[in-house]
Amino acid sequence: MTIPVPKPAHPAAPDTNTDGLPNPKVVVPVEADEEEDDDDEEGKEDADGAVPAASHFSTHALDGTKKKKKKKKKPKKKKTGEAGAGGQSEPPRVPVSKLFPNGNYPSGEESAYLGENSYRTTSSEKRELERLAAQEDPESAENYNSIRRAAEVHRQVRRYVQQTVKPGMSMTEIAEMVEDGTRALVEVDGLQRGIGFPTGVSLNHCAAHYTPNAGDTIVLSADDVLKVDFGVQIGGRIVDSAFTMTFNNKYDKLLEAVRAATNTGIREAGIDARLSDIGASIQETMESYEVEVDGKVHKVKSIRNLTGHNILPYHIHGGKSVPIVANSDESAIMEEGDHFAVETFGSTGRGYVMDDGECSHYAKNPDVNKPIRLARAKTLLNTINKHFDTLPFCKRYLDRLGESRYYAALDNLVNLGIVQAYPPLSDIQGCMTAQYEHTIILRPTCKEVVSRGDDY
């Protein structure tokens with residue numbers, strides 16, 4: 001989930017595996033085997049009537065008897081929702097805790113720090129402090145098992161999505177495919193485990209913050225560019241990762257540009273790194289690409305008023321922004337222990353987004369405490385506090401909880417500033433936008449791209 005750059009008081013514009021390290025292991029479904037064929041197939045001769053040559057050298061052949069031919073095992077066809085032996089089902093419904101019964105989940109891509117922080121990689125003191133902190137408090141920020149579990153859920157859900165989503169599916173089908181898989185694999189448990197924020201399925205010129213509301217009729221087409229942005233949280237530790245899907249090769253260079261820009265941001269990230277320098281490097285990579293569409297060449301532009309962000313427990317936007325263009329602020333830096341969502345957006349349009357269309361994304365503002373006079377707004381806020389607290393939510397999630405006739409109450413909470421609305425963000429009509437995003441942890445000893453997979 002992205003964060004738009006705050007609008008200036010007087011805006012000039014309209015309103016507003018590069019380190020060579022292995023990817024984490026991912027559990028792959030293993031097909032169960034069929035039982036051996038019936039006895040009447042045993043000892044069957046070859047087509048020309050001869051016994052298979054290998055049997056002439058068997059112990060059975062020495063006494064003149066014919067060796068029974070070893071039967072080929074036929075793969076058992078897996079039924080919908082059935083797990084392979086030791087693997088994930090299709091659709092994914094096997095909790096990752098069942099696939100990793102020892103409770104140790106794969107780490108992400110780990111990279112050594114460079115420059116003056118390179119000592120951290122080999123520092124026995126840093127390693128010991130990291131180890132002790134994780135042992136002393138399983139819920140501490142230094143214990144990475146919860147977020148690695150969330151990352152494994154993300155990888156397994158998105159693998160199925162990438163294999164299954166096809167033109168002709170509705171946006172609601174796609175969003176619910178992601179969410180149903182996430183709930184099952186994470187073993188949803190109130191605020192302790194569940195969805196990190198509404199599933200973004202933004203299309204084409206819409207870059208972010210679109211998820212279908214009830215009654216949405218939009219259907220995916222073969223020429224669409226689909227951004228899938230979803231989160232998984234365990235104990236408030238959120239994995240935020242996104243990818244882009246297309247169904248022809250027309251926009252391959254756009255996706256390549258954005259993927260490369262995100263990896264540049266990850267490469268440049270580190271303890272004491274200036275956020276402005278990271279933004280400049282991202283922009284340089286992004287805008288070195290061009291896309292030819294129907295004979296017209298488009299320069300890929302970074303969407304300058306969208307950024308990445310740090311992540312705090314139960315807060316998807318922690319207060320620090322990772323720009324994707326150069327800026328003059330040299331004071332903001334990354335620090336040891338930070339969790340960041342490094343995300344970039346590229347566009348064939350003007351590289352600037354504005355609010356566009358019906359809102360679906362919302363989040364409670366923890367810093368606002370105002371009296372509420374509307375009784376229905378009070379009961380709605382109670383629901384929000386109980387089920388989401390400061391985690392983002394959408395109207396479909398309220399519908400799922402049985403809330404009804406709440407639109408006026410929700411508007412009241414937004415007008416009071418108690419709830420923040422996050423409407424869809426779009427570039428100009430007719431252009432295409434793409435997104436890639438990973439969650440990284442700046443550990444004391446190394447940088448870990450916790451959401452890295454074998455796909456991106």
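Glycine too: its Cβ is placed from the backbone N, Cα and C atoms.
The feature compositional bias 'Pro residues' is assigned by Swiss-Prot to 1-11.
Swiss-Prot lists 1-127 with the feature region 'Disordered'.
The compositional bias 'Acidic residues' annotation in Swiss-Prot covers 31-45.
Swiss-Prot lists 66-79 with the feature compositional bias 'Basic residues'.
Taken from Swiss-Prot, the feature substrate binding site applies to HIS209, HIS317. Using a 10 Å Cβ-Cβ cutoff, HIS317 (substrate binding site) registers 23 neighbours. Following the DSSP three-state reduction, the secondary structure of HIS317 (substrate binding site) is coil.
Long-range Cβ proximity for ASP229 (divalent metal cation 1 binding site), meaning a same-chain Cβ under 8 A and a gap of 6 or more residues, is found for MET1, THR2, THR199, GLY200, SER202, ALA208, ASP240, SER241, ALA242, GLN435, GLU437. Taken from Swiss-Prot, the feature divalent metal cation 1 binding site covers ASP229, ASP240, GLU437.
Residues annotated as divalent metal cation 2 binding site in Swiss-Prot: ASP240, HIS309, GLU343, GLU437. Secondary structure at ASP240 (divalent metal cation 1 binding site), as computed by DSSP, is strand.
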Extra residues within 8 Å (Cβ to Cβ centroid of ASP229, ASP240, GLU437), divalent metal cation 1: MET1, THR2, GLY200, PHE230, GLY231, SER241, ALA242, ALA341, GLU343, GLN435, HIS438, THR439
Alpha-carbon distance [GLU343 (divalent metal cation 2 binding site); HIS317 (substrate binding site)] in Å: 13
Rounded Cα separation (Å) that holds between HIS209 (substrate binding site) and HIS309 (divalent metal cation 2 binding site): 15
Packing count at HIS209 (substrate binding site) (other Cβ atoms within 10 Å of its Cβ): 29
DSSP three-state assignment for HIS209 (substrate binding site): coil
Count of other CB atoms lying within 10 Å of the CB belonging to GLU343 (divalent metal cation 2 binding site): 29
Count of other CB atoms lying within 10 Å of the CB belonging to ASP240 (divalent metal cation 1 binding site): 29
Cβ-based neighbourhood (8 Å from the centroid) of the divalent metal cation 2 site, residues ASP240, HIS309, GLU343, GLU437 excluded: MET1, THR2, ASP229, SER241, ALA242, GLY308, ILE311, PHE340, ALA341, VAL342, HIS438, THR439
